[in-house]
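Okay, structure first, notes after.
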Amino acid sequence: METQVSSRMKNVLLIINCIILAIGYCGAPLIMRLYFIKGGKRIWLSCWLETIAWPINFIPLAISYLYRRKNNNNNNNTSKLILMTPRIFIATIGIGILQGLSNYSYSYGVAKLPVSTNGLLTSTQLDFIAFFAFIIARLKLTSYSINSVFLLTIGAVVLALHSSEYILGFFMSLAAAALTGLIFPLVELIYKKAQQAITYTSVLEFQTVYCFVATVFSTVGMIINNDFQAISSEAKSFELGEGKYYVVIICIAIILQFYFLGSIGVIYSSSSLVCGILISVLLPVTEVLAVILYGEKFSAEKGISLALCLWGCASYFYGDYKDNKKRENSNQSLETETIDKTKCTP
């Protein structure tokens, strides 16, 4: 299933996953903010909702398994129910705990900050990805990536100068961005050390396990904070009504899974670069929607921060694009030299 998909089908999958990612990325902070501004106060509950819909992943996993069984051609490896190795499974548990911490930090930020401010702070995850990739994966820092880190940092500082009343929410949003920036290089390192081919199914299994672990993490927090007992009373006092309260929390769970599924789908159908570019493009969309739907003030500081964030993202991805083109040209030159030497050999 993973290796025999035609290029045309991959393009179709790319478009579908881009739409799913757009819905998840733009919709998640908006629907979560709706929960808080209309009377919701449970941060552990919103954290729990971020990954509780993980069983949805069983649908594409089941389809993948049935397809592999039908077309296994007597290959026992492709007909396995679970492709994930025990080594990756153990490492995934650690990623799940980090994801749980990231979810709590993100939920706290959404609860305390306007969507537009939280979105700008979340975009600084590119800073942390570059930093941790340099330390963990020994990724070479270029002038473009350093410029990107500088611009995104300045953008965050501009916001910090006018966020004294939300200082804890500010730092929690940055913590969520930092944890996300740590998780991505660690995932890359896990697959590199595991020496296992990265397929859509294996990545989906990885996501299912770490979302489950993150859900267990937030469930413990909910039990300690007595959030399960408080749901019914909170629903009755919800400004939009008790019935709409449950609609909102269900939508939070589903839309967050859209984000996760869309992300891995875009990476599988194209690349992590395209996924990152799409998220950067969607940043101003989220900002505009927050202003329209919730009447948030888009101050001069936010405008400057947004411009710096977009500039920083553009710098990062342009540098990555140039590096990829340089590698491609270098590989083509080596192939040409090899062919010429082969022709000259008597």
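Quick reminder: no glycine exception, Cβ is built from N, Cα and C everywhere.
Owing to the predicted nature of the structure, the values given are computational and were not obtained by experimental measurement.
Annotation source TrEMBL lists transmembrane segment at 12-37, 43-67, 88-106, 118-137, 144-161, 167-191, 203-224, 244-261, 273-294, 300-319.
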Q | Tertiary contacts of the transmembrane segment (300-319), as residues 6+ beyond its ends and Cβ separation under 8 Å | A | 116-117, 120, 123-124, 126, 130, 142-145, 147-152, 154-156, 158-159, 161-162, 273, 276-277, 280, 283-284, 287
Q) Other than its close neighbours in sequence, what residues sit by the transmembrane segment (167-191), given a CB gap under 8 Å and a spacing of at least six beyond its ends? A) 88, 91-92, 94-95, 98-99, 101-103, 105-106, 108-109, 111-113, 117-118, 121-133, 135-137, 139, 156, 159-160, 198, 206
